[in-house]
Ligand SMILES: [Zn+2]
């Protein structure tokens with residue numbers, strides 16, 4: 001039998017207005033804080049948070065994040081931390097800010113505090129970063145010795161963030177259980193860079209994540225549209241961040257994320273879409289590849305369509321790409337380094353391409369025969385035209 005592995009951050013805290021109650025949780029770790037945030041987040045939440053921390057007696061040095069989680073940016077901010085003898089590194093913002101903070105804290109051997117300002121993806125709790133080149137091209141995953149010491153999830157801040165970010169997080173989180181179940185079936189590896197097959201704990205968390213989203217996603221989106229923290233929004237923020245984060249790291253990724261990675265092999269309008277939106281389509285393709293029965297597939301299509309997530313090639317801006325580009329996506333998605341290898345059967349490049357076309361055609365049929373009123377109109381999706389992709 002293979003060894004099992006389970007990893008997690010040390011502490012996770014979630015609540016409305018949490019940032020401005022956080023001194024009690026931060027103070028055991030020291031006094032000198034390096035606060036990393038970009039200019040936009042600084043205006044919305046950073047300035048206020050820094051003032052609060054200063055009033056509580058902390059010494060706060062701000063490092064302005066330049067927008068790319070690259071090796072150079074990690075080194076640049078590490079230098080700022082070093083010259084200020086920072087003990088505590090706080091990343092405040094979106095995925096790339098948080099990924100940079102993780103690298104800086106590993107270099108400085110300081111306390112790492114992760115404070116997401118949206119529930120848009122499941123990276124905050126993970127012990128890894130996606131490192132890009134300075135020009136924003138994917139470079140590598142950096143796996144760290146330690147997970148974060150503290151994750152601070154302020155639901156009041158999330159309630160004020162754009163609805164599209166919450167829906168992207170729901171889509172990313174919705175893939176978690178589908179991929180974890182495939183990984184378990186395929187005796188695949190967890191996603192922490194050190195191998196190990198999923199624990200029952202990891203799989204149970206992934207399953208709870210999906211259950212929570214089926215029950216409360218729509219109410220959470222409506223709460224976010226009205227900028228209100230409700231019990232439903234609170235549950236979905238936890239699903240998007242903690243349950244999905246622990247679920248993917250300890251359950252493993254499979255086809256859905258490999259297909260999203262496949263899109264990086266081409267350029268074009270597909271990159272107007274967020275990580276979660278691309279994962280939504282990748283998930284649909286995985287469901288088709290693993291022969292999900294019609295009735296079940298329709299439940300997923302209803303869920304995605306109601307949330308304004310992309311289910312067709314047109315919506316993904318992929319309806320006019322060349323055969324060569326399809327091949328590039330298929331080949332990247334089935335690269336031996338991709339998590340496609342966690343699938344319980346061999347998936348070839350042609351299967352990915354056919355799966356994308358089939359998923360889109362099935363979604364067309366669904367949209368024509370069902371009267372779905374989306375909760376959210378995503379202006380970035382391509383328009384669906386004609387009765388089917390063949391016409
Ligand atoms: Zn993801």
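Cβ atoms here come from the backbone N, Cα and C positions, even for glycine.
A TrEMBL annotation is a machine prediction, not a hand-curated record.
The following features are taken from TrEMBL:
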type	residues	note
BINDING	38, 95, 96, 97, 98, 99, 117, 118, 119, 120, 128, 132	NAD(+) binding site
BINDING	122, 172, 257, 275	glycerol binding site
DOMAIN	9-155	domain 'Alcohol dehydrogenase iron-type/glycerol dehydrogenase GldA'
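In this model, the domain 'Alcohol dehydrogenase iron-type/glycerol dehydrogenase GldA' (9-155) carries an average pLDDT of 96. Residues 122, 172, 257, 275 are listed as the glycerol binders, and the farthest two of them sit 12 Å apart at their Cα atoms. Each of the binding-site residues 96, 257, 275 was scored by the number of other CB atoms within 10 A of its CB, and the lowest score belongs to 275.
Only 172 of the binding-site residues listed as 38, 96, 117, 119, 128, 172 bring a Cβ under 6 Å of any atom of ligand 1; the order follows the sequence. Look at residue 128 (NAD(+) binding site): DSSP puts it in a strand. For the glycerol site, the Cβ centre of 122, 172, 257, 275 serves as reference, and the other residues of the chain with Cβ at most 8 Å from it are 121, 123, 171, 173, 175, 244, 248, 260, 276, 279. Of the recorded residues, residue 257 (glycerol binding site) and residue 38 (NAD(+) binding site) place their C-alpha atoms 27 Å from one another.
Per Cα geometry, 119 is the residue among the binding-site residues 96, 119, 128 nearest to residue 172 (glycerol binding site).
For the binding-site residues shown (98, 119, 128), fewest C-beta neighbours within 10 angstroms: 128.
The binding-site residues under consideration are 38, 122. Their Cβ neighbour counts within 10 Å are lowest for 38.
Other Cβ atoms within 10 Å of the Cβ of residue 172 (glycerol binding site) number 29 in total over all chains.
On the backbone, the CA of residue 38 (NAD(+) binding site) and the CA of residue 275 (glycerol binding site) stand 20 Å apart. In this structure the alpha carbons, written CA, of residue 96 (NAD(+) binding site) and residue 122 (glycerol binding site) are 12 Å apart. Residue 117 (NAD(+) binding site) and residue 275 (glycerol binding site) have their C-alpha atoms 16 Å apart, to the nearest angstrom.
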